[in-house]
Amino acid sequence: MSLPMLQVALDNQTMDSAYETTRLIAEEVDIIEVGTILCVGEGVRAVRDLKALYPHKIVLADAKIADAGKILSRMCFEANADWVTVICCADINTAKGALDVAKEFNGDVQIELTGYWTWEQAQQWRDAGIQQVVYHRSRDAQAAGVAWGEADITAIKRLSDMGFKVTVTGGLVLEDLPLFKGIPIHVFIAGRSIRDAASPVEAARQFKRSIAELWG
């Protein structure tokens, strides 16, 4: 089982605040996510600028595309994104369109599982050639006190068994990682637990150490 990668979510409102994070921890993570908030706040230039600064890192545009899959994904890939996200409620043809464009750029598409989705949809994504999904405990759910539970673990295992590369996100803290031990997680996303730590560098390194201990 390969080691899960570590992704930092830049859900900053401005590039200036995003740079405060990347200056510290870009070299400590595998993937730099231009979060949805930053995508809205700064547009695709955020993707272009971060990829220019860190060409050796995977840069994800968390655009959560809901429609116009080809147009919006092309905007992201032309800004040098490596991966883009499509929201789970999007029509299957939106996901297919985004994937078609991704292939032109040797990129990839992730289906963002935020909100309601079905196993029938999951099979449609697999049949369409989608390889990646993001299992997401929403920001608002976290704020309401919703914790990771057995239903989450069961769903993540099932997605993995279907052949998906599964990314896990949603207010992850270091203490959550053992919950997922034994599952071939593709990526763990940490946002505020790294960005807002007293020492973001040490927080990122602790995540990497824990991943190596649990999956090594």
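Backbone N, Cα and C atoms are what each Cβ position is placed from, and that goes for glycine too.
As given in Swiss-Prot:
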| type | residues | note |
| --- | --- | --- |
| BINDING | Asp11, Arg192 | substrate binding site |
| BINDING | Glu33, Asp62 | Mg(2+) binding site |
| SITE | Lys64 | site 'Transition state stabilizer' |
| SITE | Asp67 | site 'Transition state stabilizer' |
Provide, as an integer number of angstrom, the distance between the C-alpha atoms of Asp62 (Mg(2+) binding site) and Arg192 (substrate binding site).
16
Say you check the Cα of Asp11 (substrate binding site) against those of the recorded positions Glu33, Lys64, Asp67; which is nearest?
Glu33
Per-residue Cβ crowding (10 Å cut-off), top of recorded positions Lys64, Arg192:
Lys64
State which of the following recorded positions has the fewest other Cβ atoms within 10 Å around its Cβ: Asp11, Glu33, Asp62, Asp67.
Asp67
If one measures from the C-alpha of Lys64 (site 'Transition state stabilizer') to the C-alpha of Glu33 (Mg(2+) binding site), what distance in angstrom results, rounded to a whole number?
12
